[in-house]
Amino acid sequence: MKNLNLVALPHFVSVENLKNDEVKALIKRAEYFKKSGAVARLTSPVYVTNMFFEDSSRTHTSFEMAERKLGLTVIPFDPAHSSVNKGETLYDTSLVMNALGIDLEVIRHSQNEYYEDLINLKQHQKLNIGVINAGDGSGQHPSQCMLDMMTIHEHFGHFKGLKVAIVGDITNSRVAKSDMELLTRLGAEVYFSGPEYWYSKDFDQYGKYEELDKLIPEMDVMMLLRVQHERHSGDPNEKKFDAHRYHEKYGINHKRYEAMKKDTIIMHPGPINHDVELSGDLVESDKCMFVRQMENGVFMRMAMLEAVLRGRKLGGLE
């Protein structure tokens with residue numbers, strides 16, 4: 001691809017340290033992969049393993065598809081049958097993978113910022129492996145964030161001045177935290193809605209909380225979030241949760257769908273709870289980008305993986 005500044009990174013664990021021009025370059029690279037069908041040409045083998053300590057369908061399969069399209073050799077890893085169950089630390093597991101010849105790890109883990117121990121090494125530590133964060137607890141989800149940015153850019157062609165509403169279980173959503181960070185930096189106006197008990201004043205620096213029906217007619221993007229029941233341990237509001245009531249107050253139904261602007265898009269990181277965040281028969285509607293997001297995820301993850309290959313000079317890429 002001509003006239004493109006290709007990104008090179010030693011790891012890809014968060015969007016916080018990405019420069020705006022790197023974000024835009026990754027979007028362009030992913031769009032190039034999608035339109036051209038081209039892939040990076042590796043001149044030497046690269047070995048990757050996907051270490052998912054939390055359940056995943058989309059992200060796990062999407063990363064593996066991206067890896068295979070790039071020509072990487074994927075080495076299976078099953079946490080349920082690993083030595084982690086014998087008490088082995090994530091660092092030691094990574095050290096084992098590294099010693100066996102693994103070049104890259106794609107990791108999803110319930111611990112926030114689990115990657116700090118793997119990338120900020122002490123003087124005596126010898127771990128030398130690229131880490132791609134596929135989601136850390138309620139912290140960050142950089143690949144979902146980047147595919148969201150790609151999907152928005154693909155539809156609108158820009159970010160500046162777009163009005164984006166992030167709706168739902170915001171406090172427990174790693175997607176929301178990554179997306180609000182990048183959207184505001186790229187010039188979008190961010191708004192929040194959903195149950196106030198799942199909203200934190202910490203988010204006020206990124207946008208404004210409003211009632212959903214006030215936002216509906218004004219927004220360009222409606223970004224819906226799954227209710228994260230698995231992260232509500234000890235939360236008294238979980239016991240009071242009622243799916244029908246949530247859908248009535250915070251979900252996108254036909255009435256709200258019809259009240260949106262003509263060009264408004266609906267996004268959701270998945271999995272969608274039908275008739276909770278979104279009416280089930282709207283999942284494949286014209287405005288809903290759910291399927292498009294999944295399609296774009298493969299190409300964006302190719303761009304992210306390629307950036308780490310370049311950063312680590314793997315596969316003959318520099």
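Every residue, even glycine, has its Cβ placed from backbone N, Cα and C.
Look at Swiss-Prot and you will find Arg58, Thr59, Arg108, His141, Gln144, Gly270, Pro271 tagged as carbamoyl phosphate binding site, backed by sequence analysis. Classification of Arg58 (carbamoyl phosphate binding site) by DSSP places it within a helix. The Cβ of Arg58 (carbamoyl phosphate binding site) lies under 8 Å from the Cβ of Gly270, Pro271, Met294, Gly297, each of which sits 6+ residues away along the same chain.
Annotated L-aspartate binding site per Swiss-Prot: Lys86, Arg174, Arg226, in sequence order. Mapped onto three states, the DSSP output places Lys86 (L-aspartate binding site) in helix.
The Cβ of Lys86 (L-aspartate binding site) has 6 neighbouring Cβ atoms from other residues within 10 Å, across all protein chains displayed. Among the residues the record lists as binding L-aspartate, namely Lys86, Arg174, Arg226, the two farthest apart have Cα atoms separated by 33 Å.
The separation of Arg174 (L-aspartate binding site) from Arg108 (carbamoyl phosphate binding site), Cα to Cα, is 12 Å. Looking only at Cα atoms, Arg174 (L-aspartate binding site) sits nearest to His141 among the binding-site residues Thr59, His141, Gln144.
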